[in-house]
Structures are given as C-alpha cells and as structure tokens.
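S.K.: According to Swiss-Prot, the feature ATP binding site maps to ARG13, ASN36, GLY37, GLY39, LYS40, THR41, THR42, ALA64, ILE66, ASP68, GLN159, an assignment based on a large-scale study or a structure entry. Residues or ranges marked as Zn(2+) binding site by Swiss-Prot: CYS691, CYS694. Annotated coiled coil per Swiss-Prot: 220-261, 321-429, 472-553, 589-674, 748-952, 979-1115, in sequence order. According to Swiss-Prot, the feature domain 'DH' maps to 722-928. Marked as region 'Disordered' by Swiss-Prot: 336-359.
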Amino acid sequence: MSKIEKLSILGVRSFGPHHPETIAFNTPLTLIVGYNGSGKTTVIECLKYATTGELPPNSTRNGAFIHDPDLVGEKEVRAQVKLSFRSTIGESYVVTRNIQLLVQRNNKRTQKTLEGSLLLRNNGERTVISTRVAELDKLVSEKLGVPPAILDAVIFCHQDDSLWPMSEPAALKKRFDEIFEAQKYTKVIENIRLLKKKKGDELKILKEREVQDKANKERAEKVDRLMAQLTREILEAREKCNELSKQMEEESAKIKDKYEQANSFLKIMNDLQTKTEKLEYKKDAIVELRSRIEELPDPDEVLRNTLDEYEQTINRIVADRDHKAAQFHDLQAELKSARDQHTAKAAEQGKHQSDKEKYERQLVARERMIREAAERHEIRGYNGDLDDRRIAIFNERIQKILNDKRRELERLQRENQEELDRKTAVIAERESRKQSVIRDRKAAKDRIISLGKDMASIQGELSSIDIDEGTEEMLRAEMKELQARIEAAKADEQNANLDAQIKEVNEEIWKLESLSAKLARELVECTRLASERAQLDLRRKQLAERKRELEIMTNTWNEQFSTLLGEGWRPETLERDFSDVLKQQQLLVGEHRKKKDATQQELKQAEYQLSNARNLHNKLTNEMEACMRAVQTAMKEARDLDSAPPVDEYITMLETDEKELAEVETALKLYDELKKHYSTIKDRALRFNKCYICDRDFTNQEAAKTRLLEKVAKRLGDEEKKELLEDQAAFMKSLDILRAVRVKYDTYQRLSSELPQLSREIDSETNRREDLVRRLEDQDLAFREADNKLQEMETLNKHVMKITQLLKDISDAEKQVERSQQLSNIETRSADEINEEQTTCAEQTRAAQAKLTKLTAEKQRLKDLVRQLEVERLQLENKISSAVQQLERKKRLQESIARHKEDQNQARNAVQEADEELERLEPEIAGARAALDEARQACRAKEQKVAAERDAIAQTVSELNMINSEIQEYLDRGGPSSLAANQRAIANLETQMANLEGEMRELTVQINKLNKEIDNSDAKKRNIADNLTYRKNLREKDALEREIAELEARNAQEDYDRLIKEAHYLEAHRSKLNADRERLMGMMSTKDEEFRRLNEEYELDLKDAKAKYKETHIKVETTKAAIEDLGRGMAAVDHAIMQYHSKMMEQINRTIAELWQSTYQGTDIDTIQIRSDVESTTSSDSGTRRNYNYRVSMVKGDTEMDMRGRCSAGQKVLASIIIRLALAESFCANCGLIALDEPTTNLDSDNIRSLAESLHGIIKARQAQGNLQLIVITHDEEFLKYMQCSDFCDDFYRVKRDEKQNSVIVRESITRITE
C-alpha cells in the first residue's frame, strides 16, 4: 500500500520564501486546524501539485500560486514543494517541484515551471529517477498506484471544486469518464474496430482473387474435359455428332422452357394462396375498424385536408382560449379591487355606529364564553360572577391545558409515525423483491427473444445448405462404383491381350479380303443390336441409381417425416400428406398471428385508457390541491394566522363569522334604542329635576343628580358604537374572503370523494394492462414456436419435392426399360444363317475383318474408358470434399440451434419461476398494504380525537383572545364617520361589480366552450384517421378479390401438371439422343495435334490453378475467421467494460447509501445515488458505441429526482463529501489516502455531528487494515470534538500567521481540542 509521509512548503501563497514549513502525515488520521485565511487550503493545493503537477483553479497565470514578491521586496520568488511518500511496493520516494515568479521592469509578472526531480531512497542510496516534468506526472501517479483523475477529483479535491458532483451534466460526464479511464478502453475497442475494417478490406480483395482463381480452376477442369473429349472424337462421325448435339440442345431449351412455364404457374398458385390470406386479414381489419369508428360522409381528400389542418385549428382555438382567459384574469383583478374597496367602505360604514354596544355585548359575551368554556372543558369555580382577576386566572389555566394537549398530540403523532414506518418498510422490502423478480423476468423474456432471432438467422443459413448426409452417401456410393468400374476397365485391358490377337488377325486378312463387304454388313447389323443392348443397360443403370437415391433420401429424412406424418408414411403419398400438414401449420401460424394482433390492439386501447385515466387523475389532483390552497389561504387571511389551518375547519369558521356578524348587527340596533332611552333620562333630570326611572326628586340631592348625569353621559358616548362598527366591518371582510372561496371548497369536497374511485379505476386498468402484456408475451412465444416449426417444414419441402420427382423419374425409367426390352427381343437372323447363304471364304473374310475391327475398337475403347473414368473420379472427389465441408458446417449450425433451444427452455423456466414468485408476492404485498391502511386509519382516529380536543380548546382560547383584544381596542378607538359619502361609494362599487361579474360570466361560457372543443379534438382526429384507414382497407379488399378471381380463372394447377408431364417426355427423348451421341463419340479417334495444343495450354497457364485456388480459398476462410474473432474480441472487451462499470457503480452506490443513511439527519431524503444512463450511438463505419451520462439523484420513498438544482447548500456539501468517500473506497485499493477541506461548510449542527460520527466509524473500521490516511482540514474545533480524534492521534497541526503575516505550521497536542 502506498502512503505519503512528509510535505515541505516554501514560497507558496502565504508561506514565506525563506524558511520551509513541514508537516508529517500520520496513519490513520492527520488534523490540520486554523482560522479562515491562515493557509490551510494551501496544504491541499501543494499535495495536489506535488502528485499531479496541476496548479489550483485560477492560478495558472500571473503567479497567484507563488508568494507575492512585493511582500518580501524582491523581484524574484522561487516556490518549492517537496513530498516524501512510499510506493505500493514500499519503496521510498521524494518528489520535488519548483516554480518561479519573476517581476520584470514594466511590472509584468512571468510565471515559469522549473525542472523538478523524483528521488529514490534505497538503503541509504539516493537515485534520481527523472527530472522531466511530464515524466514526473506519470511516474508519481504510477508509484502511488492511483490514476491522476482520482488524485485530482477525489483524494486532493480543491475546495473550489469540491462540489463537482453537483455540476452540470457535461462537466459531470467528463469527470466520471476520467475517473473510469473510459478513453483507454474506448481506444482499444476503436483499434480493434479499425483492424476489423482493415481485414474486411483485405477480405474483399481476397474474394475477388478467389473468384478469378476459381474461374481459372474451372477453366482447367474444362480443358481437361475437352482433352478427354477430343480423344474420343472421330472425323467420319463429326457432322452426325454435331447434329445430335444440336438436337439435344434444342430439346434442353424446350425442357428449360417447360420448367420455366411450370414455375410461372407455380408462382401464380403461391400468389393465389398469399392473396387469399391477405384478403382474410383485411376483412378482419375492416370489421374491427367498423366497430369503433363513426363513418363520415366527406370524401377522402376533404378528410385528409381536415386531418392536416387539424393541428392549426387546435392551435388557433387554444390561442383564442388563452386570450379570453387573460381577459378573464384582468376582469377578475378589477373585480377583486372593487370588492376590496366595497369591503373597506362597508366596514367603515358601520364601524362607528357599533363601538359602544359591541363593547358592552362583548363583556357579557366574554363572561358567557368563560362559563360555557369552563363547563365544556370541566374547569370548576366559574359559575358565579367574574371579575378581571378571575378572568385572567381562567385565561392562564386554559392556555396551560391547550399546551398540554398539543404536547400529547405531538407524542401520539410521533408514535403513530414510527408504527407506520415499520409497516411501510415491510411493504417496501416486498415491493423491492417484486421489482427484482420483474426485472429478472424481463431479462429472461429478452433472452428468449434474442435467442429466437439468433435461431431464425441460423435456420436461414442452414436452409441455404442443400447438401445432406444422403447426398454424401450417394456421392460416396458413386465413387465406390466408379472405382470398381476403373479397376474393371484396367483388368479388362490387361486380360484382353488384344495386341497378339490383332497381329494374328492381320495375318489372315490378306487371304480373306474378298469376303469383307458381306462380313462388314453383318458387323453393322450386329453393332446396331449391340447399341440397343447398351442403351438398355444404361437405362437399367439409371433406374437403379434413382432407386438407390430414393432409398437414401427416405432413410435420411425418415425421422423428420415420421415426426410430422407418423411412422407409416409412404413416398407415394408423401407430397399430398406433407402438403396437408404444411397447410395446417400455415393455418395455425395465421391463427396465432391473428390472436397476437388482436391482443396487441387490445393492449394499445388499454394503454390509451390508462393514460387518459392517469392524466385525468393528475389534473383533478392538481385542481383539488389548488382549491385546498386557495381555501387555506382565504382562512389564513380571514383570521390573520401565521400558518394555514386545516381545510376541514372552513365551514365552522364561516358559520362562526356569520353568527358573530348577526350578533354585532343586533347590538347596533339595540345601541340606538338605548341611546334614545338615556337621552330621555338626561332630559327629564335637567328639565324636571327628577329621575325618569324611579321618579325620585333631586331637590337637595345634587350629588345623586350629578352621579346620574355622569353615568348617562358615559352611556351617550359614541365609543361603543364605533367599536361595534369596526367589529361589523371586520366580520364582513372576513365573510367576504371566506364566501369568495366557497365554490373552491365545494370543488375540493367533490374531488376528495371522486379521486379514490378514479385511483381504483387506474389500479384496475394497470392490472388489466399487465394481464394483457403477459398474455401477449405468451402469444408471441406460441407464434414464434409455430413459425419456427413452419420454417423447418418449409425447409423439408424441397426434400419432399425431390423425393416426389425421384418417384416420377423411377416410373418413367421403368417404362423406358420395358420398351427397350421389347425392342431388343426382336428376332434377327444369326451369323450362322448368314454364313449358310455365303461362301465359306466370304464368311471367313467377313469374320476376320470384323474381328480385326472389333479388336482395334475395343483396344481404343478400353483406353478411352480408363482415361474418362479417371477424370470423373477426380471430379467426384472434389464434390465429396465440398459436401463434407458443407455437412460439417451444417452440423455446427444444428448444434448451435440445439444449444439455443436449450437456452430458451432455461429462460422459459426462469420466466415461469418469476411468474410463480410474483403470484406469491402479490397476496403478501396486498396483506401488508391492508395492514398499513388499517394501522393508518387507527392512528388517524387517535390523532383526530386528540386533535379535536386540542382544536376545541384552541378555538376557545382563540375566541377569548380575540374578544379580549377587541375589548381592549375599544378603549383606544373613537370618532364617527360620514355615512352618506360611504353609501354613495358603496352603490357605485356595487354597480361596477355587477357589470364586471356579467362580463366574467360571459367570458367563462366562451372559455368552457373552447375547452370542450379542445378536449374533443383527439377523438375527432382519431376518428378521421380511422375513417381513412377503413376506406383504404375496403379498396384493398376489393382489389384483392379481383386479383384472386383473375388468378383462379387461370387454372394454374392444371397447366402446371401438363407442363411437368411434357417436360418429362422431352427429357426421355433427350436421354435417347444422348445415348446415340455417346455411342458415336466412343467411335471417334483423338486428334493428336489438338490434344497437344490443349496440353501445352494446360501446362503453361492452368497447371497450378487448383493449388492457387485452394491457397486463396484458405486465405479467405482464415481471414473470415480472423474477422469473426476480432468481432468476438471487441464484444468481449465491451462486455467486460460494461460488467466492470456496473460492478463499480453498484459498489459506489452501496457505499454512498450506507454513508448517507448513517450521516444525514433530515427526513426529506432517504438516500442518494449516482445514476449512469447508457446511450448507444450507431454509425456506418464504427458500429455501435456506448456512452454513459451521469447524474446524482435523491430518493424519497418510491420517488427519485435529480439532486442538482433541488437541494440545499448543506445537502450539496454533504453529498459531495459522501460521493468522494465512496469513490475513494472503490478506486483507491492501493492507496487509502483522502483529504477533506472544510467538510462542515453549510452544514447544520445535527449534520455536522452526524458527519463527525460517521468519519469516526470509517476510521475505526479501516484502522485495523493499516491503509487509511485521512487528512481533515477545518476551522471548526467542535467538529473535531465530535469526531473523538483522541482515539486515533495524539497531536494535530495548527496553521496560523506569524508576525510577518507568513503562514506557519505548528504541532500541538490533541488535548488542546478535546478538553
């Protein structure tokens, strides 16, 4: 393990240029403490510069990294950073880096990097490894065992760059690509790709050369055949032979024409079947479309134009609606302003009239409220008269009761939340298991589909190979027979002893020349009979070969045909039986296709309905939340509360305000009557000197009269009326605010009852969609299996046709053999009978001449036969070699198909196991959810009960506080207002509000109409498109019916059978002509000069053609194999990169989750993770390339969101620290070093403590491994206390400024912090 030991800093930033400062790094913890600006971060900058050679941000120019020369009064300052470290194998190194800052005459500063060094210390010996800067950067990274990207972004991350995990996507991708060293592996793949492309170009050249060499090889073979043919030609029979050849060519052309005509009729038959299937499909599509569309009478062109213009129409309607909505909002603002003015005027109208009466009424109301509240909340001792002291005591007691209820509710909510969290965790665990099973199931399904595609490709390649075991056996049988014929021909040539016989006959010929003519005629006749017998032998041989070929074919494909047709199948009925089975399989494939298409259509409809339901649910949820916020805002404004009350209290609050307003208005009416009454008392006392109530005389009782007048004067004041009017205005304003949102409250209540039912519908549609997906997957599987079987049967179809053709050929050959036997059995006169009519001499002459001719011809024939058989043997050997190669390739393909089928079965078993696991998990999840709902309802009931008690007490306290404050305010208010001006203003405002409301109602009607048109647009658009599709299908159906009728009228089957029969007849005639030509060619002699010319040409140009072709063919095949190997190698590297990346990301995210959950103290984020999204790009020359896009996301429950732009500054700091710790854990296997610079920035006290405890746990866990070097740089000594640093180190380093304001490093005891 590598580690750093000491760091020396000289002339860097605030460190002086004359005396170096040194710091030693300990294991497992090194602490660096200092106030802001003391130079702590410079330590990290120097470590990073020493290891990577990179300067801090914004310090690459103008010498910002070097000590300012002006501070020391010098023109030049040299900075030096030395780092002592040990490599991964324990070697001791010292890296030194030097940098210079020079101030020139024009005060321009020049920064220059000087030569550094890497020193190896080994047993007292000091060896300089390198002094070049570029080599230093590479060597230090290698010796530490850490890539430069990890040193830069993880281990020695600068404070300015510490939040890089929260940077924008492009910068984040660049960081992670450097960390994963993606460019190295990308370059490897690119090199392999270029090499593969180069080999592909070479393959093209080799294939062209192969074609040329093959042509030369075929040309050489052709020359061989021509040379063999020339040896058998006879000049006397050339014209006749040419005539026969011409006749044969004419017959071949006729046969070819017949087969081509038959194939054209066969194509018509296939077209008829294809069009019939398409017609059935079109009919089904027409019925399905007709069931769901509303037919439109407009022409197609009008519908297409309407469809094209639909988007413009909708945009125009939306713009019109938005314009009217803007007008509505403007009117609404004007109406709100008018209402506010009206409310203010109405409040001012009655305020001064109700002050005094309200004051007295509120005194009575307060006593009544206290008695009622005491009785309601069981507070004893408040049934009698109440004075101010007892009222104050009551307020204190009820406030204490309210505080107790609040604490009780908080405790209950905390306990309930803990219970719900435990049950939610159970559900989350099972849901996680379910998602894992679903992912496994999807992977297995994808594997099945992939294997199916591979099998289809392999099956297509297999179908292209016409060679089978039967063909090989047939070729080997031909070779064996040909070898026997060669040996027999050679034996006949040796055993004949023809030279001696010819010599003996030549001695007799001169004696018997007179008898040669008659003997020659007899020989011609005998030769004709011999020809007939030879033709009979040829036909018997052909018949035997075709029977043997039929036997080989039936034995080879017996297993496949037995599987399809049963064990008792016969070649005679094979074509009809196989055609029936093939048609049944085609019908089965069609049925599976129809079912799959129907289910797919049903799935599309289900997805459309589910999407609509979800959109509606989201829309209604947003509307409900908006209504709830509006109602809560109005309640908060009406009561002037700090926080919004529950929306369910709206009706209670509205009824309370209405009741209070009625009471205030009643008090105002009573106030006027009381004022009249007190005016009468005052008038009587002044006029008649008597009390109006008791009729007491005030003569000689001036004191009593004065007291009465003073009391009446107080009653006649306007203060109480003023308070009543203010109360009236306040209640009216509150009621206006609450009544303005009554519609939204009703909407909220309605949506609260509708949304659960809509959620259940969404769940039902979701389950239906999942059922349809599973059904469609099963139907896809059944369709692929049936289609694969159909392809296998179609592959066998050519063998069926070949067996059928062999049966017909055998039948025709048997008939020809029978006719030849009849011709050869015709009786002719024998040689003895001829000799009886001739003289003995003539007969002997003819016999000798015939014998000489026969011996000569036999000698030449045997030579030609041996040569011809040798040529045929070479050709047959090449055919056998090619057949063996193709059979081996075919065997490899069949084995590959078998492996793919086995893999498919394993994947199907995995899908079945996943389905069983899902069926088991669904009831468990449902049970857990039911338990959670039941617990939630029970908890909610308990909380509601305590909350109701708290709210009742809170309402009492609120009402008492309100009435007490109003009573106190009455003592400070006074002064009437003018009513007339207020009434005129109110009338004008009411007229204005009525006009505005009318305009708003008209705009609302128009906007609703436009919204309805927009909502119905999608359905209309889809209906128009379906109408066009429906009409197109009708036209195509009519066209197909006409085409089918035309094809059926052509009677293609009868013409096909007739043409095949005529072709067989022509083949028989051609066979006869061929037999005649072969007989004549056997009599031809070889032209020696032509033979020599061909032989010279062969020796000069074509002698090595076969070897050259073989060499080129080997190069082509080896190059193909190399290209395939390069492709597999490239795929293997790509797969290894994917696996490595997935493994590392999983390890990093696991570490991040553990650190976050043990550190973060908030409840808004459960965990964070790094997401790497794979993006594949395809190009024509480089294939598919993968890129990774990274982002940091936060998770709460089942919700995942991007963290960038959504989290606080403290969460950014904490997340960045945790991500760096996780990256160091994963990528620093050879170096347990990491530095944290001011890790507590922007963190609150709870998270600071938690981070300290987590770091303590990490150090403790890694301490035993001996490879951890954690460097913590901070100004927060409380944070170090929480870390309990004394467990890991005895001292720390303090960075501070000396008297010259230079930074110095001082070593101090850890007890300075912990005490």
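Cβ atoms are placed via backbone N, Cα and C, with glycine included.
If you look at the structure here, what lies around each of the features I listed?
M.R.: Counting only residues at least six positions away in the same chain, the Cβ atoms of THR41, ILE44, ASP1237, GLU1238 sit under 8 Å from the Cβ of GLN159 (ATP binding site).
Averaged over the coiled coil (220-261), the predicted model has a pLDDT of 72.
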S.K.: According to DSSP, which of helix, strand or coil covers THR42 (ATP binding site)?
M.R.: helix
S.K.: Ten-angstrom check, please: count other Cβ atoms within 10 Å of the Cβ of LYS40 (ATP binding site), all chains counted.
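M.R.: By my count, 24.
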S.K.: Largest pairwise Cα distance, Å, within the listed ATP binders ARG13, ASN36, GLY37, GLY39, LYS40, THR41, THR42, ALA64, ILE66, ASP68, GLN159?
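M.R.: Max span of the ATP binding residues, Cα based, is 22 Å.
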S.K.: Return the residues near ILE66 (ATP binding site) by Cβ distance under 8 Å, restricted to its own chain and a separation of at least 6 in sequence.
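M.R.: Set apart from ILE66 (ATP binding site) by at least 6 residues yet with Cβ under 8 Å, we have GLY11, VAL12, ARG13, VAL77, ALA79, ILE99, GLN100, LEU101, GLN111.
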S.K.: Please report the DSSP secondary structure of ILE66 (ATP binding site), reduced to three states.
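M.R.: For ILE66 (ATP binding site) - judged by DSSP and reduced to three states - the answer is strand.
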